[in-house]
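K.L.:
Quick one: structure below, then a few questions.
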Amino acid sequence: MERRQRGFTLLEIMVVIVILGVLASLVVPNLMGNKEKADKQKAVSDIVALESQLDMYKLDNSRYPTTEQGLGALVKKPTTPPEPRNYPQDGYIRRLPQDPWGAEYQLVSPGRHGKIDVFSYGPDGMPDTDDDIGNWNVGNGAHNNGGNGNGNP
């Protein structure tokens, strides 16, 4: 017996390619938007967690770390004044997270937007741009009293 093999015609292959192209043009932008949202949400979660640990630091030591001491004060006891009086042996966190774009989170204490400012420079990595994500614009309102950190605007 003779078997006859039949393949796809060029037209059928072209139709499949066009359909895949149309699907890709619809799906890829949605996926990219979700990645941006997920990155921003991770930054917000990290900032809220860092803020919580900074509050613990303040409870133990009656003040937040200074800008110079930075967020590293949560990992290792600062040796620059003012040195914390009641620092836990293992620190407040094991290591500092990086923001979703591979940069370090920032601390300004006292903050420009509240008692402390904890923030990421955002996707562009540049300071003082519209895409910065900070505790003053994440919606929890815990430290964004709109002033200089002492309750006065």
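Yeah, the Cβs are placed from backbone N, Cα and C, and that goes for glycine too.
Okay, these came from Swiss-Prot:
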| type | residues | note |
| --- | --- | --- |
| TRANSMEM | 8-28 | transmembrane segment |
| MOD_RES | PHE8 | N-methylphenylalanine |
| REGION | 68-91 | region 'Disordered' |
| REGION | 126-153 | region 'Disordered' |
| COMPBIAS | 134-143 | compositional bias 'Low complexity' |
| COMPBIAS | 144-153 | compositional bias 'Gly residues' |
K.L.:
Per DSSP, how many helix, strand and coil residues does the region 'Disordered' (68-91) have?
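P.N.:
The counts are 4 helix, 0 strand, 20 coil.
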K.L.:
So how many other Cβ atoms are close to PHE8 (N-methylphenylalanine), meaning within 10 Å of its Cβ?
P.N.:
10
